[in-house]
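I have a structure I would like to understand better, so I am pasting it below and will then ask my questions one at a time.
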Amino acid sequence: MYIIAGLGNPGKEYEGTRHNVGFMVIDALSKKLGIEVSRLKFKSLMGEGHFKGEKVILLKPQTFMNLSGEALYDAVNFYKIPLENVIVVYDDKDLEVGKIRIRRKGSSGGHNGMNSIIYLLNSEDFPRVRIGIGKPEDGDLVRHVLGRFSDEEKKVIDEAVERAAEAVIDIMENGIEHAMSRFNG
């Protein structure tokens, strides 16, 4: 069994923002795996299905970014799932736009959604797929993460979202080491 959580902020006003690339990846996975993400449970929009005989839960926490851990904590405790089968997908300002980085575990890197998850799960030992959104040119991080991609960036991000969805599938199918060697550039 796997829980895949894509981080973002709920609401139409946040759709397409840099901070919501995690939601975009869940939408891509929803299509690829045929799992509808529409039920409200665990403070999230969720969908449940199967991939290669394994149960898969897709989550889009509706708590707002800084409280993402509340949603994931509820789901992990309900299903009693080992943390190595929890995959978190989120934006990373320290990676250039469209770059993907997969890690087996690690710190939050200053990402508040990840801070919340690590704090409430009391562990850094779960896989994550990070998608680069680049650094703000003017230094205003809040405006940057809540801002939209330029037309040029959008093309790169659309491809990155598809690659990130493929990376998650690769983790489930072939393990994290395989996915890291295939997708970390």
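Glycine residues also receive a Cβ, built from the backbone N, Cα and C atoms like all the rest.
Just so it is clear, the model here is predicted, and its values are computed rather than measured.
Not my notes, these are from Swiss-Prot:
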{"type": "ACT_SITE", "residues": "HIS19", "note": "active site, proton acceptor"}
{"type": "BINDING", "residues": "TYR14, PHE64, ASN66, ASN112", "note": "tRNA binding site"}
{"type": "SITE", "residues": "ASN9", "note": "site 'Discriminates between blocked and unblocked aminoacyl-tRNA'"}
{"type": "SITE", "residues": "ASP91", "note": "site 'Stabilizes the basic form of H active site to accept a proton'"}
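How buried are the listed features, and what sits near them?
Other Cβ atoms within 10 Å of the Cβ of HIS19 (active site, proton acceptor), summed over all protein chains shown, number 24.
In this view, PHE64 (tRNA binding site) is surrounded by 17 other Cβ atoms within 10 Å of its Cβ, with every protein chain counted.
Under DSSP, ASN9 (site 'Discriminates between blocked and unblocked aminoacyl-tRNA') is assigned to coil, being neither helix nor strand in the three-state scheme.
With a 10 A radius on its CB, ASP91 (site 'Stabilizes the basic form of H active site to accept a proton') counts 25 other CB atoms from all the protein chains. In the three-state DSSP scheme, ASP91 (site 'Stabilizes the basic form of H active site to accept a proton') is classed as strand.
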For the binding-site residues listed here (ASN66, ASN112), tell me which residue's CB has the most neighbouring CB atoms inside 10 Å.
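That would be ASN112, with the most Cβ atoms nearby.
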Hey, how far is ASN66 (tRNA binding site) from HIS19 (active site, proton acceptor), Cα to Cα, in Å?
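Taking the Cα atoms only, ASN66 (tRNA binding site) lies 11 Å from HIS19 (active site, proton acceptor).
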Per 10 Å Cβ neighbour count, which of the recorded positions ASN9, TYR14 ranks highest?
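That would be ASN9, with the highest Cβ count within 10 Å.
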